[in-house]
Amino acid sequence: MLYHVFYCLSSIFTPFNIFQYITFRAGGAILTSLLICFVAGPCIIEKLENFKIKQIVRTDGPETHLSKNGTPTMGGLLILLSVVASTFLWARLDNRFILWLLTGTLWLGFLGFCDDYLKLKKRDSNGLSAKSKIFGQTVFAAVLAAYLNFFPSNPEFATLVNVPFLKGFFINFSFLYALFVIIVIVGSSNAVNLTDGLDGLAIGNITIVAFSLTLFAYFAGHFQIANYLKIINVSGAGEISIFLFAVVGSSLGFLWYNSHPAEIFMGDTGSLFLGGVLGMVSLFIKQELVLVLLGGVFVIEALSVLIQIFYYRRTGKKVFKMSPLHHHYEMLGLSEMKVTVRFWIAGVILAILSFASLKVR
């Protein structure tokens with residue numbers, strides 16, 4: 001919004017030219033979202049406590065988690081509010097990627113809100129059924145897939161997927177690309193949701209992935225840089241950096257309250273939309289497989305659940321003491337904070353490897 005207000009006045013007051021620069025507006029976005037979280041955080045935590053919107057902890061989980069029972073949840077509302085407000089202020093609202101990301105934020109955020117609401121209403125740790133959540137995610141992903149098919153940002157690469165570390169090598173999904181889009185969005189949304197089981201674990205890794213994708217988006221949107229790095233140039237993708245920096249600021253602000261011992265949990269209200277928008281960004285900038293590496297912590301967490309379910313149904317035995325994977329390490333005796341920090345470190349290492357893929361080919 002600020003771009004549309006001030007940049008058009010730059011002919012009258014030259015300093016307003018600064019609003020044309022993505023780097024300036026991205027800086028404004030991260031500071032705004034961070035400030036909103038810091039200021040609104042205590043108020044939202046208090047309101048959630050007053051309305052008794054509190055976490056229902058699974059009784060079959062680690063015993064150390066029983067103390068978390070009663071911690072305010074639905075904190076994803078704080079993240080969503082700060083991301084949307086900051087993006088609305090600093091991004092160009094005529095950019096189609098921004099409009100889609102805001103739509104995805106609200107759609108998946110509402111889906112997560114419904115899940116959290118049902119958990120509170122039933123006083124149970126189970127809200128929406130898995131089928132209902134996947135259906136809601138799939139509907140949105142299918143609409144986006146249709147849009148990307150009929151209005152691709154770069155028709156030449158519309159159904160191609162870049163393979164990291166291999167120069168100029170692409171996989172052509174052809175008519176299966178729509179299915180690929182659905183898998184990316186549904187998969188990333190649920191992977192983050194499954195990772196959100198320890199204080200600060202999911203939001204810390206979201207910060208790492210979102211910050212890294214910010215740079216990838218900026219590179220993809222800059223013709224000279226994209227050409228130098230031999231990645232697909234996507235017109236308008238640089239604006240995505242502003243949205244992602246809003247996510248980074250919100251994540252850091254939320255981590256202030258979500259770090260161990262957590263004062264608030266994001267719930268599905270936060271995790272579903274955060275995972276979903278990361279998947280959307282990877283599709284927009286044509287770095288879908290880089291997200292698999294960059295978000296490797298989320299991928300491994302999701303795979304641990306799938307492996308556990310599949311193996312248990314086939315043999316009646318468990319591969320892990322408990323899934324997702326972070327609970328397995330807790331059951332082995334590692335402290336919650338140690339598991340969280342080690343997963344953060346793994347996230348940083350994966351981010352470094354992801355950036356290495358830009359040059360090591």
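Each residue, glycine too, has its Cβ placed from N, Cα and C.
Summarising the annotation, Swiss-Prot assigns transmembrane segment to 26-46 (among others) and lists sequence analysis as the type of evidence.
Annotation comment: Swiss-Prot describes 71-91 (among others) as transmembrane segment. For the transmembrane segment (71-91), the residues of the chain that approach it from at least six positions outside its boundaries are 1-3, 25-26, 28-30, 32-34, 36-37, 40-41, 44-45, 48-49, 53-55, 98, 101-102, 105-106, 109, 112-113, 116, 120, 239, 242-243, 246-247, 249-251, 253-254, 257-258, 262-274, judged by C-beta separation under 8 angstroms.
Residues or ranges marked as transmembrane segment by Swiss-Prot on the basis of sequence analysis: 97-117 (among others).
Annotated transmembrane segment per Swiss-Prot: 134-154 (among others), in sequence order.
Beyond its flanks by at least six residues, the transmembrane segment (168-188) meets 104, 134, 137-138, 140-142, 144-146, 148-149, 157-162, 230, 275-276, 278-280, 282-283, 288, 291, 295, 298, 302 of its own chain at Cβ-Cβ distances under 8 Å. For 168-188 (among others), the entry in Swiss-Prot reads transmembrane segment.
The transmembrane segment feature in Swiss-Prot is assigned to 200-220 (among others); the stated evidence is sequence analysis.
What Swiss-Prot records for 236-256 (among others) is transmembrane segment, and it gives sequence analysis as the kind of evidence. Counting same-chain residues at least six beyond the ends of the transmembrane segment (236-256), those with a Cβ under 8 angstroms from any Cβ of the stretch are 22, 25-27, 29-38, 41, 75, 78-79, 82-83, 86-87, 90-92, 95-98, 101-102, 153, 200, 203-204, 206-207, 210-211, 213-215, 217-218, 220-222, 264, 266, 270, 274, 277, 281, 284-285.
What Swiss-Prot lists as transmembrane segment is 264-284 (among others).
Residues or ranges marked as transmembrane segment by Swiss-Prot: 290-310 (among others).
Within its own chain, the transmembrane segment (338-358) has Cβ neighbours under 8 Å at 164-165, 198-201, 204-205, 208-209, 211-212, 215-216, 219, 229, 231, 260, 290, 293-297, 326, 329-330, counting only residues six or more beyond its boundaries. The transmembrane segment feature in Swiss-Prot is assigned to 338-358 (among others).
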Residues from the same chain, set at least six apart from the ends of the transmembrane segment (26-46), whose C-beta lies under 8 A from its own: 2, 72, 75, 77-79, 81-83, 85-87, 89-91, 214, 241-243, 245-250, 252-254, 256-257, 263-264
